[in-house]
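J.: The structure is given below, and queries will be raised subsequently.
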Amino acid sequence: MGTMRLFLLAVLFLFSFARAGCDPKIVNIGAVLSTKKHEQIFREAVNQANKRHFTRKIQLNATSVTHRPNAIQMALSVCEDLISSQVYAILVSHPPAPTDHLTPTPISYTAGFYRIPVIGLTTRMSIYSDKSIHLSFLRTVPPYSHQALVWFEMMRLFNWNHVILIVSDDHEGRAAQKKLETLLEEKESKADKVLQFEPGTKNLTALLLEAKELEARVIILSASEDDATAVYKSAAMLDMTGAGYVWLVGEREISGSALRYAPDGIIGLQLINGKNESAHISDAVAVVAQAIHELFEMENITDPPRGCVGNTNIWKTGPLFKRVLMSSKYPDGVTGRIEFNEDGDRKFANYSIMNLQNRKLVQVGIFNGSYIIQNDRKIIWPGGETERPQGYQMSTRLKIVTIHQEPFVYVRPTTSDGTCREEYTINGDPIKKVICNGPNETIPGRPTVPQCCYGFCVDLLIKLAREMNFTYEVHLVADGKFGTQERVNNSNKKEWNGMMGELLSGQADMIVAPLTINNERAQYIEFSKPFKYQGLTILVKKEIPRSTLDSFMQPFQSTLWLLVGLSVHVVAVMLYLLDRFSPFGRFKVNSEEEEEDALTLSSAMWFSWGVLLNSGIGEGAPRSFSARILGMVWAGFAMIIVASYTANLAAFLVLDRPEERITGINDPRLRNPSDKFIYATVKQSSVDIYFRRQVELSTMYRHMEKHNYESAAEAIQAVRDNKLHAFIWDSAVLEFEASQKCDLVTTGELFFRSGFGIGMRKDSPWKQNVSLNILKSHENGFMEELDKTWVRYQECDSRSNAPATLTFENMAGVFMLVAGGIVAGIFLIFIEIAYKRHKDARRKQMQLAFAAVNVWRKNLQDRKSGRAEPDPKKKASFRSITSTLASSFKRRRSSKDTVNVVV
């Protein structure tokens, strides 16, 4: 018996030990709920989760409390009642009082300190999406800002592109604004206006007046109940709740007191099961249970902290458990499909689309998380309308942006009284001018001042305004650019600048300028039919042939001229020598005649030059046969030289040499760029975009990018100043410039053919009428008249098509040569006269000297013959000769001085 008793005790002990080793792991889940009833629902949900995920390893246990009256008591309760029980997660509902938005905050702060996940059940404030504040907060409901997705889908459904966003300047309003702007940016659109106001503002009339002045009639409102009430009251005073308007709001804006003042026809949202705490408890417990079972399949799982007193260590497994929760997917929830985004907010949520009809909210559709499903109930819009409003009001006052680009838009300063000076076209008609505000390029700092605009595009604008019945105000683009996309603050985000940017940002309603139509721009704006067809061409400086004074010598090189001159003198010397030493150099017909003199060196020179210049030989020809043979050879040489010179002179002076211009876009100097040949275009223009996009032109683009100019006017001036060799731009502009500035010329065939169009936003109500009027203007000849008036292609140089003829410039050197000969002749005649006088004086002096010697000799002979006294007459004659000789010496000296002066 004793043995049996011991055996039974041993079996009982072993059974108890085995059972103790198989006890499941108790995992506590905490909750802070609004009522005791919801605590019971929470416990039942935990039991259901244990049954659904039955396992002997893990058993879930429910630990819950109700909300406390203040934040401190709530934080203490979380520490004492929940964290002390080592809870793995805490579920928290919204407090019963609708105005108490901060009760989940102490729970989130306390649990977040230890990295214990907190799952919100009905808390929708956007502040809980900020993970820098609420580290471990998740929720099974979306924030209020998530309603922006439904507004965006409604805009797409009803094709509304013009919206005004009115938000309160608090965290909730800014979150809704950011969400909607992000969605619109993906669609490459934006709100026409964002109006913010301080929460608690009672009179919002001034704010809504800004909205009333806009074309958009779709108003999206994000505000609290009280602020929404103030907006509705001010809108009713301004008659902004009637026909034509659309009001899209969220859930708060049609709740409580706001609903009493909301206008009939307003469309609001209600989150399906948004306030069903019981349903969210069931879904949250199911998600936590699923995540816990996934967590315990991992290794190194630590237990949560036990209590807050003296414990400052975070739960090491807490961040891991949060990541597991955020990656959880529960498709069969009571409230629908449950998933979390990177902020811990619920991704997919279902909304009822409510329409206020006769002061009652009526469901007219459902948003199922992806798209809107409309039911059979018709929407009653503001003003009792049943037809969908267009969402905008066509304004008859348009803001026109343009750019200085002659001949399409001329910009000139106004007169002292602020008006435009009266001018006339080439046809004698008054030029139509408009006042355009814009930066003045001639004043430092480029201040915005009123200026006068006129030209092709201004005439076109005036005609469109008259035909389509709208008024306008014109301004010049602030940055002086046509428009291209550029990165913002070195980020991947790109924005349009120039006229494109002003149009897309709402600063302008229409672009009336020579804006090139291309694919990049057409993706963002709407173009009219082209009002001017054109392409790209190349502008270069014209090589004007210039004649110098020595141009008549250009047919021969200087070496050849030197050899010809040397040959003349060599032949002359040889003729002289041959004729001098020839026995037949002195020729006579018969013996009675005197012999002719042989050829002198001077005559030989005269003969040699005469034959070369074909001046005719009157005398001084060679007499000997040998010299005459050389003379004939020299004549043949002269004939060949003169004929060659004459032929080449015509080529140099009459016929233009072919200029080495650019042949087109495929010219080797463009395709193989170098620093010796610089070409460029305008920065951030359609031409710049074209070269950037074309792979085969990438080499050219890299060269051009370093040299591009800010404006076409600067580049054209650079070509004229020889700072730029070629400028690539719109053919219409360059051909006009070449017709006005005669030192410029376009070259090569057109490429990248396109056209100029009027730019409008994609949703512009004017786009169809503008295109129709442009086509009509082409048909009735108005565009042709504008071409004749403004884009007038005139011939700069009448010689371009006239027969080539010699001008004074070509032959000026020859006339200078004649003038030089005349001057040289006058100079030499003075020398000859002086020389002749000197020679005559010398000869007379010698004659007197001989006469004096003869008299002296006669007297000497008389003395020797015995006469004591000379004859008185002879003595007087001798004295006279001596006196004359003395005066002759004086004159000789004076004449010598004169010759020196002349020389």
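Cβ from N, Cα, C; glycine included.
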J.: Please state which member of SER567, SER685, SER686 Swiss-Prot lists alongside PRO514, THR516, ARG521, ASP730 for binding glycine.
T.: SER686
J.: I'd like to know whether SER624 shares a side of the membrane with LYS839 - going by the topological domains in Swiss-Prot.
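T.: Both are annotated on one side of the bilayer.
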J.: Under Swiss-Prot, the annotation intramembrane segment belongs to which of these stretches: 359-380, 601-622, 843-864?
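T.: That would be 601-622, per the intramembrane segment entry in Swiss-Prot.
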J.: CYS308 has a disulfide partner in Swiss-Prot; which of CYS22, CYS79, CYS742, CYS796 is it?
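T.: Answer per Swiss-Prot: CYS79.
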J.: Using the record from Swiss-Prot, pick out the residue from CYS420, CYS453, CYS457 that is joined to CYS436 by a disulfide.
T.: CYS453
J.: Can you tell me how far the Cα of CYS452 (disulfide bond) sits from the Cα of ARG521 (glycine binding site), in Å?
T.: 28
J.: Across the listed glycine-binding residues, PRO514, THR516, ARG521, SER686, ASP730, what is the farthest Cα to Cα distance, given in whole Å?
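T.: The glycine-binding residues span at most 17 Å between Cα atoms.
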J.: An 8 Å radius from the center of the PRO514, THR516, ARG521, SER686, ASP730 Cβ atoms defines the neighbourhood of the glycine site; name the other residues of that chain inside it, in order.
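T.: Close Cβ neighbours, site residues excluded: PHE482, LEU515, ILE517, ASN518, SER685, VAL687, SER754, PHE756.
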J.: What three-state class does DSSP give THR516 (glycine binding site)?
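T.: In three-state terms, THR516 (glycine binding site) counts as strand.
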J.: What does the DSSP secondary structure composition of the topological domain 'Cytoplasmic' (623-628) look like, as residue counts for helix, strand and coil?
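T.: Summed by class, the stretch gives 4 helix, 0 strand, 2 coil.
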J.: What mean pLDDT score does the region 'Pore-forming' (601-620) have in the model?
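T.: Result for the region 'Pore-forming' (601-620): average pLDDT 70.
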J.: Spatially speaking, which of the recorded positions CYS420, CYS453, ASN489, CYS742 is closest to PRO514 (glycine binding site)? Use C-alpha to C-alpha, please.
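T.: Nearest listed residue in space: CYS453.
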J.: With every protein chain in view, what's the tally of Cβ atoms within 10 Å of the Cβ of ASP730 (glycine binding site), excluding that atom itself?
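T.: There are 26 of them.
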